[in-house]
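A.B. asks: Just passing along the structure, written as structure tokens.
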């Protein structure tokens with residue numbers, strides 16, 4: 001399926017838009033996961049068995065029944081098996097549409113969002129709306145693992161190249177958690193930079209850290225959505241390194257009041273939503 005499919009041409013990304021102030025669920029726009037999975041050959045059978053797109057929404061406001069503005073922060077878990085992912089700008093516009101709309105309480109807003117996102121994604125979605133006080137107590141966290149970024153290597157190419165992972169393993173069997181803060185890709189539609197921290201947890205033949213870092217850096221001028229990049233990394237690692245167990249998790253920096261943090265694994269449970277230094 002070509003990326004010039006009508007489902008991408010109609011997206012609000014990159015287009016001049018008006019901001020609605022009254023609740024409007026029709027602002028949400030789906031992107032079929034098959035657009036990317038077809039190219040990876042995983043439309044029917046994914047190599048990961050656990051996963052979600054974990055969103056944090058920082059800019060949520062509505063009016064209570066007396067017209068007093070309310071604010072909250074939301075944790076949203078969009079199941080990897082949903083038919084669609086949610087296009088981020090449409091999600092922002094949708095959230096903005098709550099601003100001048102009255103709701104009875106937190107629960108009414110949470111249930112409304114969950115219902116609308118399930119309908120758009122065509123799959124399971126969990127929404128947890130939190131008072132700001134909950135986040136006041138939240139610490140800046142870091143992802144556990146060895147950082148592979150401080151290597152004295154020369155980089156001359158920034159074009160995506162999965163072949164950096166060719167012959168990337170030794171015969172030594174290990175369990176490793178690896179972290180890189182150098183993940184950068186570009187939005188598929190607008191070419192805006194997307195900055196992320198990548199976490200890889202695997203059991204299997206030891207992966208060469210230099211080859212892995214060169215592979216991660218090769219995303220630097222690559223155009224794909226966050227969710228698609230993580231699934232591509234998972235598939236490439238399974239193809240070249242063939243680990244027995246694998247988790248790929250990326251936490252991207254915030255844009256438009258939203259951060260997107262895709263998690264894919266074949267052995268680990270979903271993590272709690274946390275916050276890194278760059279988020």
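Sequential numbering from 1, following the chain as shown.
The backbone N, Cα and C atoms fix where each Cβ goes, glycine too.
As listed in Swiss-Prot for this protein:
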{"type": "BINDING", "residues": "86, 87, 88, 226, 227", "note": "substrate binding site"}
{"type": "BINDING", "residues": "88, 89, 255, 256", "note": "NADPH binding site"}
{"type": "ACT_SITE", "residues": "187", "note": "active site, thioimide intermediate"}
{"type": "ACT_SITE", "residues": "194", "note": "active site, proton donor"}
A.B. asks: Using DSSP reduced to three states, classify residue 256 (NADPH binding site) as helix, strand or coil.
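C.D. replies: For residue 256 (NADPH binding site) - judged by DSSP and reduced to three states - the answer is coil.
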A.B. asks: For the recorded positions 86, 187, which one has its C-beta crowded by the most other C-beta atoms within 10 angstroms?
C.D. replies: 86
A.B. asks: Fewest other Cβ atoms within 10 Å: which of the binding-site residues 89, 226, 255 wins that one? Let me know.
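C.D. replies: Relative to the other binding-site residues in 89, 226, 255, 255 has the fewest Cβ atoms within 10 Å.
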A.B. asks: Of the recorded positions listed here (87, 88, 194, 226, 227), which is spatially closest to residue 256 (NADPH binding site) when Cα positions are compared?
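C.D. replies: Closest by Cα distance to residue 256 (NADPH binding site) among the recorded positions 87, 88, 194, 226, 227: 88.
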A.B. asks: Would you give the longest CA-CA distance, in whole angstrom, between residues of 88, 89, 255, 256, the set recorded as binding NADPH?
C.D. replies: 9
A.B. asks: If you measure from the CA of residue 194 (active site, proton donor) out to 10 Å, which recorded positions from the list 89, 187, 226, 227, 255 are inside that radius?
C.D. replies: 187, 226, 255
A.B. asks: If H, G and I count as helix, E and B as strand, and all else as coil, what does DSSP give for the residue listed as 'active site, proton donor'?
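C.D. replies: Once the DSSP labels are grouped into three classes, the residue listed as 'active site, proton donor' ends up as strand.
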